[in-house]
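Novice: Straight out of TrEMBL:
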- 502, 505, 542, 545: Zn(2+) 1 binding site (BINDING)
- 511, 514, 529, 532: Zn(2+) 2 binding site (BINDING)
- 274-440: domain 'Helicase ATP-binding' (DOMAIN)
- 537-694: domain 'Helicase C-terminal' (DOMAIN)
Ligand SMILES: Nc1ncnc2c1ncn2[C@@H]1O[C@H](COP(=O)(O)OP(=O)(O)OP(=O)(O)O)[C@@H](O)[C@H]1O
Ligand SMILES: [Zn+2]
Ligand SMILES: [Zn+2]
């Protein structure tokens with residue numbers, strides 16, 4: 001038998017399958033999805049088996065050296081998904097597979113086998129190894145001539161044994177003390193020792209080992225009683241590994257399905273129908289903030305679980321707050337696994353194992369949770385689908401939405417994209433009926449959308465207010481403190497200090513060719529356009545009104561906090577930013593403190609824009625709404641509107657009415673203006689017009705190619721070759737822009753240039769892009785030249 005193997009050498013000449021002989025005795029074990037060790041030149045390296053066949057096209061094949069997994073770590077679906085991803089994102093197949101397994105498996109680890117069932121259920125040949133609760137090492141086990149690999153594999157498949165990778169995390173491996181009744185106890189316990197007798201009787205009736213802690217709690221006995229019985233040999237104590245539970249000790253209050261509102265019922269029906277008929281559809285659930293999208297998710301998942309199917313829920317990393325997790329744990333309890341970047345390697349591995357072993361049916365996680373190795377998916381949900389964090393900004397540059405749809409088709413199950421402010425791409429697709437649009441236009445129980453005031457900060461300046469708080473915001477802040485209600489103060493950090501603006505008239509320096517704001521480059525004291533390469537000197541006077549108050553913008557949360565304590569000494573403030581949330585768990589602590597009412601004001605950056613649902617928040621303040629508007633990115637208006645709408649949505653979600661104050665230097669810009677009426681539809685129309693004129697997505701597709709090298713002349717030569725090749729190869733209707741220096745023109749002493757492709761229909765695209773890489777393969781393999789290709793980019797550095 002021949003195994004087709006993707007080897008662990010990430011270069012383009014090795015990015016294909018290699019054939020290896022499967023030694024006779026391993027024929028049963030080696031199957032697609034297991035990792036093996038194979039000879040490769042003079043070395044031994046790891047690889048993924050992707051297929052097993054009878055014949056090889058090669059005459060001489062070398063045998064597989066060893067195998068790392070007893071049961072596959074990748075399902076057949078994930079194997080084909082990896083192939084597809086490699087093709088679509090131009091990454092190595094190997095990289096795609098590595099993305100799908102937990103990091104713990106990628107490190108060199110020993111494997112041990114653990115007994116999960118009663119020892120008597122095991123075949124005779126392997127029993128001796130497990131006597132006395134031992135967990136033999138894999139290597140020792142296979143050395144035993146009496147042991148059949150086939151039998152081990154069978155036992156693993158049946159869930160009697162488990163392969164555990166010894167993830168060494170200093171002091172992290174969690175062991176817990178257990179006790180059990182010794183085998184053939186003969187010791188008599190004196191009749192007067194009532195406690196000891198009681199305890200023994202309890203353990204005997206239990207019939208299985210129990211954690212000492214739990215035993216003490218349940219029986220209210222003393223530790224002494226146990227110790228005495230252990231000394232007498234009646235009981236046995238031992239250590240047992242427990243799951244590293246990131247949420248240990250957290251109790252979740254069970255919640256029951258709510259009675260749906262009429263609108264919720266209307267939107268859930270098509271989802272339930274799709275589940276019922278086991279078919280695939282992509283839905284766009286467009287529901288205003290506070291319209292109860294989560295309840296729709298929960299009840300859809302309920303239906304999938306009823307059908308014995310599984311669910312994946314993706315949420316952006318920053319909204320993986322306890323509040324969000326709680327809603328899923330509260331409804332589905334221990335059926336839920338949670339995956340996010342805050343978990344240690346071991347914790348992630350534990351969660352992944354629960355999925356593989358079918359101990360959980362629901363996964364709530366950030367982007368990479370989309371690869372959860374479920375085999376019977378019933379529904380995939382992507383909450384806040386407009387979030388750009390769903391696109392991975394390094395190789396493989398995949399978008400979770402595309403992966404979700406691939407899996408949805410494979411499993412014939414619905415995919416739900418949910419948002420109050422869908423991405424333009426998704427909304428445009430919904431309008432063309434590529435996705436099915438499900439609208440929730442009102443908040444639950446007719447609660448009002450918050451009232452939004454936009455304050456013109458230029459006016460404030462003119463009337464002598466140089467503080468960062470407008471008069472009206474200050475007044476409302478005081479009012480809320482008096483009433484004992486809460487405020488969320490949002491400072492938009494993204495895009496700071498990069499754009500140049502006039503404080504008198506709000507004029508922002510922008511490119512004359514691109515309609516996009518220029519970026520300030522400190523080193524040359526100049527302004528540059530990142531799209532077309534246009535450059536000009538940093539102005540000393542405003543082009544529009546001649547004022548000298550023209551400068552780049554900047555203000556941090558710390559400064560705001562200082563200012564707050566100065567103008568409102570009585571206010572209790574919780575500040576949430578990168579600095580105050582660095583320690584593990586601090587995010588949660590700060591939020592729950594705010595939830596308990598321990599502060600009047602929650603001050604923060606992007607991380608407080610989402611997911612907050614606290615009844616006492618009645619005011620939201622946004623400082624400098626415009627900061628993001630002038631990032632040189634064609635999506636800056638979209639991002640501004642989305643963010644304003646999301647933060648506004650934190651106010652007045654319960655009985656108390658909400659109000660929002662947005663401070664802006666460009667109050668008339670439609671992305672800010674339209675937040676007042678919460679009019680997504682109107683925003684969509686206006687923004688689409690802009691995109692059409694500027695020839696941007698969703699009207700076209702885009703590719704960003706970034707070329708970098710330590711020699712500037714090389715970068716320029718290669719970039720020019722790339723551009724002329726593309727112009728020659730691609731349709732005339734396709735636009736190839738550049739080459740120009742990248743916004744970050746040099747990173748780590750490497751010079752960077754970029755070019756951009758805009759196209760509508762370009763069947764030769766992927767092939768042409770591959771050819772570019774192939775053409776420069778020598779320089780790339782030598783590590784001098786890098787050519788990064790980003791399809792549908794979100795980041796233009
Ligand atoms: N059918 C219902 N009956 C009563 N309350 C409901 C119902 N559906 C949702 N709610 C409540 O309404 C509030 C808002 O719902 P939810 O948080 O799901 O909104 P959302 O659409 O996800 O908003 P956002 O996009 O702002 O996060 C929550 O407190 C939720 O418990
Ligand atoms: Zn330009
Ligand atoms: Zn001006």
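Cβ coordinates come from backbone N, Cα and C, glycine included.
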Novice: List those of the binding-site residues 502, 505, 511, 529 whose Cβ lies under 6 Å from any atom of ligand 2, in sequence order, or write none if there are none.
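Specialist: So the answer is 511, 529.
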Novice: Any of the binding-site residues 502, 511, 529, 542, 545 with a C-beta atom under 6 A from ligand 3? Give them in order, or none.
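Specialist: Checking each Cβ against ligand 3, the ones under 6 Å are 502, 542, 545.
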Novice: By Cβ count within 10 Å, point out the most packed of the binding-site residues listed: 542, 545.
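Specialist: Answer by Cβ density within 10 Å: 542.
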Novice: For the Zn(2+) 1 site given as 502, 505, 542, 545, which other residues of the same chain have their Cβ within 8 Å of the site's Cβ centre?
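Specialist: So the extra residues in range turn out to be 503, 504, 506, 507, 543, 544, 546, 547, 549, 550.
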Novice: C-alpha of residue 545 (Zn(2+) 1 binding site) to C-alpha of residue 511 (Zn(2+) 2 binding site): distance in Å?
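Specialist: Per the Cα atoms, residue 545 (Zn(2+) 1 binding site) and residue 511 (Zn(2+) 2 binding site) stand 18 Å apart.
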Novice: Return the residues near residue 502 (Zn(2+) 1 binding site), defined as same-chain residues 6+ apart in sequence whose C-beta is under 8 angstroms from its C-beta, sorted by sequence, else 'none'.
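Specialist: Result: 508, 542, 544, 545, 547, 549, 550.
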Novice: So what's the mean pLDDT when you look at the domain 'Helicase ATP-binding' (274-440)?
Specialist: 93
Novice: Fewest neighbouring Cβ atoms within 10 Å: which of the binding-site residues 505, 511, 529?
Specialist: 505
Novice: What is the separation, in Å, between the Cα atoms of residue 511 (Zn(2+) 2 binding site) and residue 505 (Zn(2+) 1 binding site)?
Specialist: 18
Novice: Can you grab the distance from residue 505 (Zn(2+) 1 binding site) over to residue 529 (Zn(2+) 2 binding site)? Cα atoms, rounded to a whole Å.
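Specialist: The separation of the Cα atoms works out to 22 Å.
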Novice: I want to verify one value. Collapsing DSSP to three states, which class is residue 502 (Zn(2+) 1 binding site)?
Specialist: strand
